[in-house]
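Please find one structure pasted underneath; my questions will follow.
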Amino acid sequence: MNILVINGPNTNMFGVAQTKIFGNITLGDIENKIKEAALGSAKVSFFQSNHEGAIIDRIHRAYDESIDYIIINAGAYAHTSIAIRDAFLATNIPFIEVHMSNIYAREDFRNKSYLSDIALGVITGFGDNSYILALAHLLSIEKRNNN
């Protein structure tokens with residue numbers, strides 16, 4: 001199973017910016033935790049960009065690479081980007097939307113996601129464990145499909 005983890009704008013600043021919301025863990029730390037959790041069960045690759053078009057291009061490339069699933073933390077683009085939504089609709093790659101913070105406990109404009117209704121699921125508010133929970137679900141799908 002091939003999984004792509006996409007991180008959107010400002011996620012490269014985890015551990016530095018807004019530590020009261022996101023904690024002290026860095027994006028590199030999160031990637032290492034995911035690799036460790038996936039060890040032997042899935043091939044995981046990572047992509048981070050602060051640019052909407054680069055994220056869209058990466059989703060399109062994932063289709064060409066036969067990526068099975070995407071875990072995405074689109075950051076603020078979850079609340080603003082119809083184009084990223086359309087990239088998922090165009091490629092039909094199943095994905096899980098994750099957020100480190102509880103987006104429903106923050107500003108009202110963060111309560112709407114353009115991705116959530118087309119995602120396999122949304123995991124929000126569990127810090128870096130949001131990614132691990134998403135991975136665990138994808139691994140359980142794969143296990144169920146292979147039985």
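Each residue, glycine too, has its Cβ placed from N, Cα and C.
From TrEMBL, for reference:
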type: BINDING; residues: Asn73, His79, Asp86, Met100, Ser101, Arg110; note: substrate binding site
type: ACT_SITE; residues: His99; note: active site, proton donor
Same chain only, sequence gap of 6 or more: which residues have a CB within under 8 Å of the CB of Asn73 (substrate binding site)?
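Listed in sequence order, they are Ile6, Asn7, Gly8, Thr11, Glu97, Val98, His99, Met100, Ser130, Tyr131.
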Using a 10 Å radius around each Cβ and all protein chains in view, which of these recorded positions has the most neighbours: His79, His99?
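Highest number of other Cβ atoms within 10 Å: His99.
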Among all protein chains shown, how many Cβ atoms are found within 10 Å of the Cβ of Asp86 (substrate binding site), not counting that one?
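The answer is 14 other Cβ atoms.
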Looking only at Cβ atoms, how many others are within 10 Å of the one on Ser101 (substrate binding site)?
18
Check the DSSP secondary structure of Met100 (substrate binding site), expressed as helix, strand or coil.
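Where Met100 (substrate binding site) sits, the three-state DSSP reduction gives coil.
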For Asn73 (substrate binding site), which of the three DSSP-derived states applies: helix, strand, or coil?
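For Asn73 (substrate binding site) - judged by DSSP and reduced to three states - the answer is strand.
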Check His79 (substrate binding site) against DSSP and tell me helix, strand or coil, would you?
helix
For Met100 (substrate binding site), what is the tally of other C-beta atoms lying within 10 angstroms of its C-beta?
24
